[in-house]
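Enquirer: Not my notes, these are from TrEMBL:
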TRANSMEM  12-31  transmembrane segment
TRANSMEM  43-63  transmembrane segment
TRANSMEM  75-96  transmembrane segment
């Protein structure tokens, strides 16, 4: 008998989409040569790595048969996802300040 996951099914696709956003930001910064005086691409890479781990933890939480492991993996995925959302908010603010509000 497995415990139903409350958030893992939502974290998995959302974190995957946000990972794509981070990769687009990193690629755009490198194409525009805006990475010379900026640590934004490194920060975005860290957020992307946290989203990757969150996706993996969500997946393992969904597949886990153990109630304890399901809960632990889901909680860890939620925490990393929340930190990543804050990081993406910071990225958006920095991008707005750097490129739009010149």
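Note that Cβ sites are derived from N, Cα and C of the backbone, with glycine treated the same way.
Heads up, TrEMBL stuff is auto-annotated, nobody curated it.
I'd like to know what surrounds each of these features in this structure.
Expert: Remote same-chain partners of the transmembrane segment (75-96), defined as residues 6 or more beyond its termini with a Cβ less than 8 Å from a stretch Cβ, comprise 7-8, 11, 14-15, 18, 21-22, 25, 40, 43-44, 46-47, 50-51, 53-55, 57-58, 61.
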Enquirer: Counting only residues 6+ away from its ends, which parts of the chain sit with a Cβ under 8 Å from the transmembrane segment (12-31)?
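Expert: Tertiary neighbours of the transmembrane segment (12-31) are 38, 40-41, 44-45, 47-48, 51-52, 54-55, 58-59, 62, 77, 81, 84-85, 88, 91, 95.
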